[in-house]
Amino acid sequence: MTVEQNVLQPGGAAKHQQTFLNQLREITGINDIQVLQQALKDSNGNLELAVAFLTAKNAKVPQLEEATYYQTALPGNDRYISVGSQADTNVIDLTGDDKDDLQRAIALSLEESNRAFRETGITDEEQAISRVLEASIAENKASLKRTHPEVWSDSPNPYDRKRQDNCPVGLKNVGNTCWFSAVIQSLFNLLEFRRLVLNFNPPANAQDLPRNQKEHRNLPFMRELRYLFALLVGSKRKYVDPSRAVEILKDAFKSNDSQQQDVSEFTHKLLDWLEDAFQIKAEEERDGEKPKNPMVELFYGRFLAVGVLEGKKFENTEMFGQYPLQVNGFKDLHECLEAAMIEGEIESLHSENSAKSGQEHWFTELPPVLTFELSRFEFNQALGRPEKIHNKLEFPPILYLDRYMHKNREITRIKRDEIKRLKEYLTVLQQRLERYLSYGSGPKRFPLVDVLQYALEFASSKPVCTSPVDDLGASAPASGTLPAQTSPSTIEQQGPSSSDVPSTSPVQRSVIHKPFTQSRIPPDLPMHPAPRHITEEELSVLEGCLHRWRTEVENDTRDLQESISRIHRTIELMYSDKTMVQVPYRLHAVLVHEGQANAGHYWAYIYDHHQHRWMKYNDISVTKSTWEELERDSFGGYRNASAYCLMYINDKEQYLIQEEFNKETGQILVGMDTLPSDLRDYVKEDNKRFEKELEEWDAELAQKAQQEKLLSQIPRAPAPSPAPVQAGEPEYLEQPSRTDLSKHLKEDSVQAINKALAEQEDRGPEAIMDTAIKLEYTRLLKLAQEDPPPECDYRLRHAIVYFIQNQAPKKIIERTLLEQFGDHNLSFDERCRNIMKVAQAKLEMIKPDEVNMEEYERWHQDYRNFRETTMFLMVGLEFFQKKSYMEALLYLIYAYQNNKELLSKGPYRGHDEELISHYRRECLLKLNEHAAALFESGDDQEVNNGLIIMNELIVPCLPLLLVDEMEEKDIVAVEDMRNRWCSYLGQEMEPNLQEKLTDFLPKLLDCSTEIKGFNDPPKLPSYSTHELCERYARIMLSLSRTPADGR
């Protein structure tokens, strides 16, 4: 929502000319608002015709420049005055003959909108919001037509979708609608805006047939927005579905485009629709007075444009909503605002007119909710498309706007002049400091203080009386390139080569150094260059001068640095006096975009004014956050994420965030109590449906539990002897139960019994059993205490080893040993059968209060999970080594997830998390490269196969890598995969490939860390304990012989 003046006709039909101007700026790359406005005027508002005017061969920038530019701000002129900085060097030259690049840009930008206009007759303005509204809901419907099932699906367990305590409710992404969620959540958390929407009553005549298209569109949308806000207030669901509200947006316009919507453009349209809806109500209720629109009161402000044109002053007041700011070339928000407020003066510096000209903007009335639209896109002429600006831009949590207010313009002008003077002086000081820090006239420069120090070190070095070349020449062959060896007498006769060395200096002959035959440097050869001859008197004078000069340079450098710091501090504090901190605006929400100009994902950071903390709203995920996380994701310069929209609120207007109170009791109203009766009933009905879903789930679980209990009570026949297993690959079966595992322990039990019989042959079965259990426990305890190599994991050999290492209760271990010796597999001979019966009798004697059977079952279930995790890991690594990455991925995913759950209970419950994480990450990276190679091939079938790999294997797995922000390697891997695909945005490709890439990238760039449920896990082979240990050792040994690829 921007200026309300019409660029074409006073009070005319094209109400929102800023949309046209933004589109023209993006298509043509022209940032001169005068040229864009003139083109719109000459084309009578036809966007296509305006582009044609601007791209005509002779469409040079008009020479009237200032005359026309400043005419827009003359009194009585209702034409729009730009509120954004036009400083941009990357613009299209319209004066040249070659326009191929520009024509491609126009085609890319207008192709869809023109086709839709010809087919439906819908205006360009309407197409601006309809670019992807149809896709927002149709995305879900289209997914039903896919031939390949998704790897992830919503959890069927409704408890996974249940709201926890009073945690804020999320919004489901119903197909490229992250922009919708980010904007709606930011507005919903403005309590005054929430109250306006919830308490909106449709006009009385709304029951009749709507009078025009606006009523037909806006009133139903307002109704659905009320329902949506009500669910966000009182729903028992973790997140709610906004499809019905988005459906209204989709149905309002007809378009086949499936791009992702722009946040600022959607915010503009959303508030525009709400303004129209409230205007209908206001006009109905007015009583002879001009109706007040609460949306205008909340989001609109006014500024005064003042300036001088050839000595003539002018003033003009304009209304604004979202305030656009240029990002490129600025380091913080105040610099952006300063450039936007004095843009006229900036442009006048380049004017050929010698007369004084310029204009300033001053806020006369600020809205309670002030929204800044950060322009992070620039037009790339070579590629014919916009590109995102990733530069860092800082913004404060509290923004003081006093310096931009009209009432403070005199003092602000004085301070601006003072800052200008200080910055000029600062530039001079920095240039002087640079001469000290980068001294020299050649390409390489050094700090002057270091140069003096080096000179001092050289002068102070031990003098030598011969040339280093002469020393080398003494050992060089006669035919070599070095001078021939000279006799000692000749050396003495020649003396020093330097004419300025005193003849009184003693001449000494140095030992000859042979560089090719000696491996040690002679002790008298200096490590650094040194003077040939220097007297004590010369050295003393030189050292004194160098020390003095070095001290002077150090003092000068320190004084310059301190002066620069003082000036920086003075500039920073220029607006800190009490008179300039009276208009504080607090940061309420930051809408973040990650990705590139034509693809990406939005989420929002919103400040909880009552809990005094930041919250991150990322579609269905709502989590606590920090200012540090917001800085990292919003300032820019870190990966591809940066703020695109900033929402500030007047910190003195507490009604914006104040809770409602009961007029009778004075108590704060919360939750459902804040809703009107009709919405309260609506939410109650939805909660009843969800509660019924929970009850049906509970009933289903109870029925399953009852069936399992009945089955467990049915007497089981003795298990038949296992049939011999054929050699070869094992059959894929369900994971064996504890009884099945105990069959593998028969050999261990028999060995313990034989040892006990050998020690106590004359004793009875009970004593022999006790001895056998002690022997078996001793053996297992020894295994548990050993520190084996990675390929030997003794936990796989026996559950008791696992229990001991994880400090299981003694009763759990004792009962497990009794079950081992009471197993039916020991009934093969008389002695073992007697011991088996004794063990079974002791098991029956254990009272329920002696061993917690629920805990006992949990321990054994954990051990079964450990073995299952081991098999997932083992099979996944085997596939990985065979380079069967698609098969390996799901095994490694399950291995990591199960292992993470085990490790949450104790450090020895699972395997090395870093190892599993490494191969999971490598598997994804290799699949990503394979999919990218298929995409690059250009073949339709291979391109589709590559996108299937991405959509069904990689994209669903990315939340698993992003959920733990401490895993930096995983985050870097995700960025590498995303950058691999984002790199295609700047490349020429076939239109069908471009379309597929545009459809796919938002899914890849979705930053949601919401982990969805798995489909059925892959089936595992049934291994005996011996087979499992053997194959595990084999795969781990092979890994130790393979380079770890940086692990």
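Each residue's number is its place along the chain shown, starting with 1.
Note: Cβ is positioned from N, Cα and C throughout, glycine not excepted.
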- Pick from 619-642, 715-738, 1003-1026: which range has region 'Disordered' per TrEMBL? 715-738
- Query: Of the ranges 400-427, 540-567, 680-707, 904-931, which one does TrEMBL list as coiled coil?
  - Reply: 680-707
- Query: List, by number or range, the same-chain residues at least 6 past the coiled coil (680-707) whose CB is under 8 A from its CB atoms?
  - Reply: 157-159, 162, 227, 230-231, 233-237, 672
- Message: Could you tell me the mean pLDDT the prediction assigns to the coiled coil (680-707)?
- Response: 89
